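Take a look at the structure below.
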Amino acid sequence: MEQNPQSQLKLLVTRGKEQGYLTYAEVNDHLPEDIVDSDQIEDIIQMINDMGIQVMEEAPDADDLMLAENTADEDAAEAAAQVLSSVESEIGRTTDPVRMYMREMGTVELLTREGEIDIAKRIEDGINQVQCSVAEYPEAITYLLEQYDRVEAEEARLSDLITGFVDPNAEEDLAPTATHVGSELSQEDLDDDEDEDEEDGDDDSADDDNSIDPELAREKFAELRAQYVVTRDTIKAKGRSHATAQEEILKLSEVFKQFRLVPKQFDYLVNSMRVMMDRVRTQERLIMKLCVEQCKMPKKNFITLFTGNETSDTWFNAAIAMNKPWSEKLHDVSEEVHRALQKLQQIEEETGLTIEQVKDINRRMSIGEAKARRAKKEMVEANLRLVISIAKKYTNRGLQFLDLIQEGNIGLMKAVDKFEYRRGYKFSTYATWWIRQAITRSIADQARTIRIPVHMIETINKLNRISRQMLQEMGREPTPEELAERMLMPEDKIRKVLKIAKEPISMETPIGDDEDSHLGDFIEDTTLELPLDSATTESLRAATHDVLAGLTAREAKVLRMRFGIDMNTDYTLEEVGKQFDVTRERIRQIEAKALRKLRHPSRSEVLRSFLDD
């Protein structure tokens with residue numbers, strides 16, 4: 001008999017309280033059928049953990065379980081005392097976001113090397129579970145092989161498809177000596193003058209110590225293709241549920257697990273499965289709405305009949321044959337229900353999977369995602385202090401401290417995604433470089449009002465460093481010529497870099513002790529005429545009018561038209577002649593006579609003072 005979701009969850013919690021723990025397999029078996037979203041599964045696991053029930057990969061030993069039971073009350077009391085003391089000491093003291101963030105961050109314990117490996121394994125297990133689920137979706141393997149064919153045809157890059165391969169036979173090498181050396185190197189570099197950070201790792205391939213071997217990739221993809229063909233043929237011949245087919249599917253999953261896909265490609269495959277599941281949900285909800293809400297068919301009866309017969313109309317015919325009050329109403333929605341069933345059949349044909357198998361694959365994929373996401377969250381929260389310690393060294397660079405922390409956290413999350421515990425280094429040694437890269441990149445992109453490209457930032461940092469060295473050597477600031485000689489660069493490029501390196505300054509910057517005037521008040525407006533020039537022009541205009549007033553009206557008008565005084569333009573002799581209906585020669589004579597009058601000392605003296613020396 002089908003149990004409702006509440007009773008299934010209650011049974012799961014009861015079992016967990018009896019055992020003191022739950023495994024992921026038990027959670028998967030007891031989850032309701034309609035819960036397939038990774039966020040929902042993660043919320044349920046979080047709720048179970050909050051109840052004091054640990055969710056583990058596998059059942060613990062009896063001795064470990066007894067020890068955990070004996071110390072549970074003591075641990076709870078100690079944890080409660082720590083929380084109470086921290087609350088009493090901090091309550092009412094501050095609402096500063098940074099302090100509140102640090103206070104909450106301080107409640108998370110630091111990880112040991114073994115703890116880091118344990119979390120990294122959980123992340124890997126979660127991702128492997130997702131990949132194994134995706135491997136059962138034929139279209140996913142087909143897509144991956146098609147993308148590799150594009151790589152072989154030189155239409156795409158191999159690095160855009162995979163980041164490497166996981167060796168299933170590789171042993172864990174803790175390499176304690178290498179860990180200490182790496183830690184010392186990273187700390188030593190962090191203590192250096194931060195101006196020398198020339199954007200460590202310009203691209204996002206800071207962890208790609210070795211490029212992907214094309215021959216190895218060709219061999220791995222050939223193995224994947226061969227196993228895919230065998231699996232596909234076996235399923236066609238014997239059916240997916242046959243033991244041989246299941247064995248071949250398992251082999252295909254093991255081969256597919258060895259591929260470390262680029263996040264973009266991995267997300268595409270996962271999303272394609274999720275889109276397929278959304279299509280199934282849409283049709284199932286439509287059918288349930290028609291039968292349960294519209295025809296008033298009891299939900300319990302619908303679930304009993306529909307589950308397991310998603311693409312067959314036998315359940316619908318059986319429901320009509322039950323001769324219940326709602327059975328007659330089903331005839332009215334028969335056409336719409338059959339249309340939805342046809343769409344579900346179409347999904348089965350597209351995927352080569354039954355609806356039940358699509359749900360099962362999506363369910364296991366969601367649990368794997370939730371498991372990996374939870375482990376990543378633990379790793380990030382345990383290393384937030386590292387981000388703070390690095391961000392402190394980049395203050396006063398143009399970004400607020402909280403912004404630096406957030407950018408560093410983004411780098412930390414990227415480091416968690418790319419961390420490989422098998423290389424033997426501590427996570428903090430590896431994450432340092434991702435955090436520094438994220439912070440320095442954000443400063444280069446956001447700190448300045450006018451963004452400067454990263455390569456130019458590097459040149460400016462190098463110029464500043466050499467400039468300081470030369471200042472110490474010579475006791476004075478070096479000239480552009482000296483900098484050009486030392487840096488082996490053209491002098492004009494040095495001057496250009498020096499000009500670009502200048503920081504913008506606000507027009508509202510106060511000037512003087514009283515701060516009643518601003519920098520903008522002292523900047524010349526080149527678009528307007530100077531007050532002196534404006535006054536001179538106005539005086540010249542008035543003097544010209546006075547002088548022309550001493551001439552006859554005809555002479556004054558001829559001069560105004562010839563020289564464009566108080567007019568938009570000047571006129572030729574021909575144009576002026578037409579205005580007065582006389583010849584151009586006569587206009588020339590009138591103009592000459594008027595100018596002779598103006599040259600008289602009594603009139604010219606007024607205008608002579610405006611001539612430039």
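For all residues, glycine too, the Cβ spot is worked out from N, Cα and C.
According to Swiss-Prot, the feature compositional bias 'Acidic residues' maps to 186-212. Taken from Swiss-Prot, the feature motif 'Interaction with polymerase core subunit RpoC' covers 403-406. Residues or ranges marked as region 'Sigma-70 factor domain-4' in Swiss-Prot: 547-600. If you look up Swiss-Prot, you'll see 573-592 marked as DNA-binding region, on the strength of sequence analysis.
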Practice item. Would you report the average pLDDT that the model assigns to the DNA-binding region (573-592)? Key: 88
**Study point:** Outside the DNA-binding region (573-592), six or more residues from its ends: residues with CB under 8 Å to it
**Key:** 554-555, 558-559, 561-562
Study note, to complete from the structure: For the DNA-binding region (573-592), the DSSP residue counts stand at 17 helix, 0 strand, 3 coil
Study note, to complete from the structure: What DSSP reports for the motif 'Interaction with polymerase core subunit RpoC' (403-406) is 4 helix, 0 strand, 0 coil
